[in-house]
Amino acid sequence: IDNPKLEYDLDWLAILRKTHHLSTSSPHNVELPNELAVIDETDRDWLRERIGSLDIPNNFTQTVPPISHGNVVDPVPRILPPPIPLMGNPQTDHLLQLLQLDHIITVPFADSSSPPIVISEPPPCESSAPLPVEDVVEDGNEIDLDDADE
């Protein structure tokens, strides 16, 4: 292939449109409908008419600086960093606009003049501290590796 390119999948886009209302930012379970979402030629025609080419636009925009660990020997932090602000990106905005969908689990891209949206800050966590074991479930298929050596 001389000029490889990425393309949207028409059925995938149609499924996104038909099931977008099931997306939620809530931690609660989503009640799924009993009937299946049916994709038909009407859905595909709407997409063909709306977006034209299935070529994914070459419109990547860097919205945050890349993570740099520098010369750090242990890239795993001992204390979790502060929360990362919720931040949109222009590619998601463009796709949602093409599909005429709202942001549900994403936020619109904001330029640097807009204040960031911050998720509530988690307490610091020492990575060397043992994790609490609350509910131990016995697994009959578990193999005790200490016994396997004997």
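For all residues, glycine too, the Cβ spot is worked out from N, Cα and C.
TrEMBL: automatically predicted annotations, no manual curation.
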From 23-54, 119-150, the residue range that TrEMBL assigns the feature region 'Disordered': 119-150
Secondary structure content of the domain 'Lariat debranching enzyme C-terminal' (2-105), with strand meaning DSSP E or B: 34 helix, 4 strand, 66 coil
